[in-house]
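S.K.: The structure is given below, and queries will be raised subsequently.
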Amino acid sequence: MPMLAFALSFYFSLSTAFYFHVGEREEKCIIEDIPSDTLVTGTFKTQQWDFRRQDFLESAPGLGMFVTVTTYNDEVLLSKLYGPQGRFYFTSHSPGEHIICLESNSTRLVSFGGSKLRIHLEIRVGQHDLDAAIAQAKDKVNEVSFKLEHLIEQIEQIVKEQNYQRDREENFRMISEDTNSNVLWWAFAQTLIFIAIGIFQMKSLKNFFIAKKLV
C-alpha cells in the first residue's frame with residue numbers, strides 16, 4: 001500500500017484548513033510536531049469525482065475514511081473508521097512528531113483517471129474549545145444512551161417472555177383444574193348411577209321373589 005507523506009508546519013493553538021487529492025484506497029499522511037498533553041482536533045470531508053459531470057460531488061455516499069494517528073515510537077493514539085465526513089480527537093502523550101493518516105475503505109478498483117477523491121481537512125492543535133468538549137461529551141452520551149436503550153429492550157423482551165410463560169402456566173392451571181373438576185363430577189355421577197342401578201336391581205329382585213312367593 002503506497003504511503004504518501006508530507007510535512008506541514010502549524011503554529012500552536014492555530015487552525016489550518018486545506019484539501020488534497022488521493023486515489024481510492026490511497027493513504028495520505030500528515031506529520032505534526034505537537035507538544036505533550038495537547039488536544040488535537042481534526043475535521044474532514046470527502047468528495048468523490050463524478051465522471052459524467054466532470055466535477056467533484058458534494059459528498060461520497062457509501063465511502064468510509066479510516067483515520068490512524070501514531071507517533072514515531074509506533075504508539076497508536078487513534079485507529080478508527082469513520083464515514084465520508086467526521087471529526088476525530090486525540091491527545092499527545094509526549095512532545096514530538098505525530099503522523100496523521102487518512103485512507104478510504106473503498107473496495108472498488110482505482111480508476112485510470114488519476115486521483116478520484118478530494119479530502120478537505122482541518123487540524124486544530126492546542127485548542128481545547130467548548131465545541132470539542134461538547135462533541136466528545138455527546139459521543140459518550142450517545143454511546144451510553146445506545147447501550148441503555150439496548151439494555152431496556154432486552155429487559156422488555158425478558159418481561160414479555162415471563163408474561164407469556166405466566167399466561168401459559170395460568171392457562172395450563174385453569175385447564176388442569178377444569179379437567180380435574182370434570183373428572184370429579186363424572187366420577188360422582190358414575191357413583192350415583194351405580195347406586196341407582198343397584199337400588200333398582202335390588203328392588204326388582206325383591207319384587208321377583210315376592211311374585212314367586214319365595215319370601
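Any Cβ shown, glycine's included, is placed from N, Cα and C.
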S.K.: Quick one: which of 114-131, 150-167, 168-185 does Swiss-Prot have down as transmembrane segment?
M.R.: 168-185
S.K.: Between 16-23, 208-215, I'd like to know which one Swiss-Prot lists as motif 'COPI vesicle coat-binding'.
M.R.: 208-215
S.K.: Averaging the per-residue pLDDT over the topological domain 'Cytoplasmic' (186-215), what integer do you get?
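M.R.: That region's mean pLDDT is 78.
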S.K.: Would you list the DSSP helix, strand and coil counts for the residues of the domain 'GOLD' (27-125)?
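M.R.: Output for the domain 'GOLD' (27-125) reads 0 helix, 61 strand, 38 coil.
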S.K.: Looking only at residues six or more beyond either end of the topological domain 'Cytoplasmic' (186-215), which have a C-beta under 8 A from one in the stretch?
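M.R.: Sequence-remote neighbours of the topological domain 'Cytoplasmic' (186-215) do not exist; the answer is none.
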S.K.: Around the Cβ of ASN105 (N-linked glycosylation site), how many other Cβ atoms lie within 10 Å? Please give the count over every shown protein chain.
M.R.: 12
S.K.: Give me the DSSP three-state residue breakdown of the topological domain 'Cytoplasmic' (186-215), ordered helix, strand, coil.
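M.R.: Here the numbers are 26 helix, 0 strand, 4 coil.
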